[in-house]
């Protein structure tokens, strides 16, 4: 099975020529040598502004000519070109723009320079990290099923609703693997009776942990379970990540073939929209925030043998976990720290860019920010207590990839500095960049152009231009304190569980998640108005230097305002009235009349159709049936999934214009299993996760402006915090007898599977 790729655009003649040149024997060495010479020249050659403008124009032309190519060498060339232009900008900043008249100017100017150095450092690290994505393909398993390993599937849960967890458990029980070689465990922090009962009903195994208050949260839960299980491998699924049936068959091959691989990570795909997708006007046409990491960065990490463990949707070798004493408990991001510790011991990690599970995205901006605060705290903790640049066991590539991941969470402070810098002049008259507009055009604009344009080429449809700025700005003012406190006191902070599942019956504005940016934007607007007043009313009284400074800082303030307003727009929470998220799916089905009770099962009045979307609540089908608007009609829906037949009872609510809407008749556990299989378990369910157009920066900027416009529509009420209603527990189901294990009363020796 291979990943479905979007159609490759036809290359132009110039693109083919540039690819041929870069593919010639020895071309890579020539390009590398030329690039090194150019980088040296960038730090030594002095040019006046006019000469620099010519160089900048030539570099832009080179970008457009070479950028027509689609090869990997083309991308590397563009990254080297971008690095050259950025180093040229850095040289200019260090040598010609630090002419300060007062000590206040000096302090503010150095602060801005430090933020720029951080941004350039992250830019160069990202180029290194993604220079050669591995694009690993699945490996087949041994032909003899007897040679397949045993697997324990861990589903840890703390305070999540059973209605969410049960779908993951049923999906895991349906994974296509020899029944005597797989066990599914609910790891319950807190021993809740309804979870134990559900395990008995569905045939899963249950491990409850009573004393969880000071027991290292999720990492402690996993370590508690490791001591009570024995499978060769452990598949970890967050309690909302529902696997496809093919998960293990797709992802296990590399683990069996290479005994040095300790981890096989797969993408975290979400079937529900994140707050940015749901709340912004063009969000649904924009890739999810996490796609950049799972589509580009992790593939780059894999080349350097530096794939991170992301806490879920991953297979781990038990031997490797036991070799480091279990999951890391020193930080609140046990996943990345565990991978780092395994790699220090010589284990390899791997990444497969095929989504084989899907979960719920954070559904409210408040919870999204809270989750990112935990990630930032955890990665900074690792930076402090187990810095990848120190200690033994890691190769240089691994050190740099981990360093990039950890220091990327320092973004909050530089982001605030970039946004606020024009206020230094607009409010206090402190010009912290001593440069004429021509110099800015010659040095700064080319640096910005190449950074944005090269990122668009590298990221393609995984992340759109300017959206990283919006993501960071949304969270920056909340993360500043977390960053500083964790750097100074890495032991502070605790694990928090991300709340998921629920509805929002009315459109609301989340003031609690946006008030810092609202205050920030108000101050920025004040500064912009002052600058415009000076330019319009007092223009003739200003000297040339003052006019240039006001023009530069007003333009800067306007850019900051655009980003701030886009971040504020995310707080406009749109209605979410469905408990069950609909998923687009095109599945051939046969719809037929449900037989009366006691009657033989026959395909009476069978009609073929194609599903439009599916959910745990029902399905929409395009089907040539006469219009039905008078009431519910009992039907059955038949499909063939991955070579196996499935048949689900449903009620047709209506049929108009060839589209029929059904609700599932979900009255027993077996039916619920089939629905989970139909909606989430298909091997090809999520292969279109990257089905987004390639990035075009101007189009991306326009989409942000449309989102800002939508912020001011007259609808919705202001709220201090967003609390979605919880989904009620699912219907009671038939009972089945399993084995139950509680902390402190573990059955010694063996754990048997319940009858299914």
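Each residue, glycine too, has its Cβ placed from N, Cα and C.
These figures come from a predicted structure and were not determined experimentally.
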Looking at the ranges 6-26, 27-47, which is given as transmembrane segment in Swiss-Prot?
27-47
Checking feature assignment: transmembrane segment per Swiss-Prot, candidates 146-166, 167-187, 188-208. Which range matches?
167-187
Of the ranges 106-126, 211-231, which one does Swiss-Prot flag as transmembrane segment?
106-126
Please identify the range among 517-537, 580-600, 601-621, 622-642 that Swiss-Prot labels transmembrane segment.
517-537
Nonlocal neighbours by CB distance (under 8 Å) for residue 335 (active site), same chain, sequence gap 6 or more:
308, 309, 310, 311
Please figure out which one of 49-69, 106-126, 517-537, 551-571 racks up the most CB pairs under 8 Å against the transmembrane segment (432-452).
49-69
Sequence-distant residues near the transmembrane segment (517-537) by C-beta distance (under 8 Å, 6 or more away from its ends) are 419-420, 422-423, 426-427, 473-474, 477, 511, 546-547, 550-551, 553-554, 557-558, 560-561, 564-565, 567-568
Enter the number of other CB atoms within 10 angstroms of the CB of residue 240 (substrate binding site).
25
Suppose you look only at the region 'Catalytic subdomain A' (147-242); what would the mean pLDDT be?
93
So, do the transmembrane segment (106-126) and the transmembrane segment (409-429) meet, by the test of 3 or more Cβ pairs under 8 Å (sequence gap 6 or more)?
yes
Three states by DSSP: which one describes residue 238 (substrate binding site)?
coil
Roughly how many angstrom lie between the C-alpha atoms of residue 238 (substrate binding site) and residue 189 (active site)?
13
Do any residues, 6 or more residues outside the transmembrane segment (167-187), come within under 8 Å Cβ-to-Cβ of it, and if so which ones?
145, 148-157, 195, 198-199, 202-207, 209, 221-222, 224-225, 229, 231, 235, 237-249, 357, 616, 642, 672-673, 676-677, 680-681, 751, 753, 756
